[in-house]
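A.B. asks: Could you have a look at this structure, given as structure tokens, before my questions?
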Amino acid sequence: MPTPKAFALLGPTAGGKTALALKIAETLPVEIISLDSALVYRDMDIGTAKPSASERAFVPHHLIDIIPPTESYSAARFVEDCTRLVGEISSRGRFALIVGGTMMYFRALTQGLNDLPEADACLRADLDEQKQMYGLDFLYRTLQKVDPETACRLKPNDSQRIGRALEVYYLTGKPMSTHLGSLTSHTLPFDLHTAALIPENRARLHENIALRFHLMLEQGFIGEVENLRRRYPGLTAYSPAIRCVGYRQAWKYLDGKTDFPAFVEKGIAATRQLAKRQLTWLRKTPLDCVADPFSDCTSCTRLIEAAKRFFGA
């Protein structure tokens, strides 16, 4: 039996990945595997720019709407799910197209997993309580004592990563820096071709980000977050789902901690920071082919042709 194949299409948020993936689907019998840590959550459609019903009807999508926002998803689970799906899609005589920008998941898929523990809800709740009582600076100073290497690498206001680093230390008794130094050996059971959309014109990308954020507001993003608060009373500002870009800022706005103009400004700024981090990851990622989504149609056509050649179609 031939080795399964998968074509990965990576890129920053608002960088044209979905549009190009749909163009590939017009020419090849593909099924899309989402590489997006936000799309796994149900009832979070607008703020995640989830593919529309018509787009999902046109081409099968996987790893979308698979868990409620009260649960968490991990890189380890993604590797397991993605590997299984590539095999299943190949067995149907179709091609797997991995699309997204959650680079931590992609690194786990291609380079292996760190021996890190799964998230612990009780411990995370305790850390959140400490943060509320004593402030984020208290948690950061604690991290400096138990894992100075990781603390030096993180910004003092990086609440999510500071909490995760402390969680790893308390669960294992070892600093995260020790775990990150040892990757679990990993060999992909399928052939992978990696392509990326990397815009040279950052101003154009920033413009797209702002336009998309305003479009989300017009589509009812605030109402979507209000619905989440009603439907899932267990959600807090510290829940993994609400840490998604845009949702965290909307949550603070609905809590009365910021006004509407500041919410919009911070939401756009956070999305730009996400894109910057994604591009930083991409610069460190081995790529088989690259295109600029804002240059001309010829650039993206090269990626479509690369997919055809890779799949032998």
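Residue numbering: from 1, along the chain as shown.
Yeah, the Cβs are placed from backbone N, Cα and C, and that goes for glycine too.
According to Swiss-Prot, the feature ATP binding site maps to Gly11, Pro12, Thr13, Ala14, Gly15, Gly16, Lys17, Thr18. Here Swiss-Prot flags Thr13, Ala14, Gly15, Gly16, Lys17, Thr18 as substrate binding site. Look at Swiss-Prot and you will find 36-39, 160-164, 243-248 tagged as region 'Interaction with substrate tRNA', backed by sequence analysis. Here Swiss-Prot flags Thr102, Arg124 as site 'Interaction with substrate tRNA', drawing on sequence analysis.
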A.B. asks: If you compare CA-to-CA distances from Arg124 (site 'Interaction with substrate tRNA') to each of the binding-site residues Gly11, Thr13, Gly15, Gly16, which comes out shortest?
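C.D. replies: Checked the binding-site residues Gly11, Thr13, Gly15, Gly16; minimum Cα distance to Arg124 (site 'Interaction with substrate tRNA') goes to Thr13.
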A.B. asks: Counting only residues 6 or more past its boundaries, what in the same chain has a CB within less than 8 Å of a CB in the region 'Interaction with substrate tRNA' (243-248)?
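C.D. replies: The answer is 13, 37-38, 41, 44, 47-48, 160, 213, 216, 221, 225, 228, 237, 267, 270-271, 274.
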A.B. asks: Can you work out the mean pLDDT of the predicted model over the region 'Interaction with substrate tRNA' (160-164)?
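C.D. replies: Value for the region 'Interaction with substrate tRNA' (160-164), mean pLDDT as a whole number: 91.
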A.B. asks: Cβ neighbours within 10 Å, counted over all protein chains: which one of the binding-site residues Pro12, Gly16 has the most?
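C.D. replies: Its Cβ has the most other Cβ atoms within 10 Å: Pro12.
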A.B. asks: Counting other Cβ atoms within 10 Å, pick out the least crowded of the recorded positions Lys17, Arg124.
C.D. replies: Arg124
A.B. asks: Quick one: which residues besides Gly11, Pro12, Thr13, Ala14, Gly15, Gly16, Lys17, Thr18 have a Cβ within 8 Å of the ATP site's Cβ centroid, in sequence order?
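C.D. replies: Checked against the 8 Å cutoff, the neighbours are Gly101, Leu197, Pro293.
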A.B. asks: Can you list the residues of the same chain, besides Thr13, Ala14, Gly15, Gly16, Lys17, Thr18, whose Cβ falls within 8 Å of the substrate site's Cβ centroid?
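C.D. replies: My list of surrounding residues reads Gly11, Pro12, Ala19, Gly101, Leu197, Asn208, Pro293.
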A.B. asks: Taking only the Cα atoms, work out how far Ala14 (ATP binding site) lies from Thr102 (site 'Interaction with substrate tRNA'), in Å, as a whole number.
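C.D. replies: So the alpha carbons of Ala14 (ATP binding site) and Thr102 (site 'Interaction with substrate tRNA') sit roughly 13 Å from each other.
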A.B. asks: Can you check which residues sit near Gly15 (ATP binding site), meaning Cβ under 8 Å from its Cβ, same chain, 6 or more apart in sequence, and list them in order?
C.D. replies: Gly101, Leu197, Ile198, Pro199, Leu205, Asn208, Ala275, Pro293
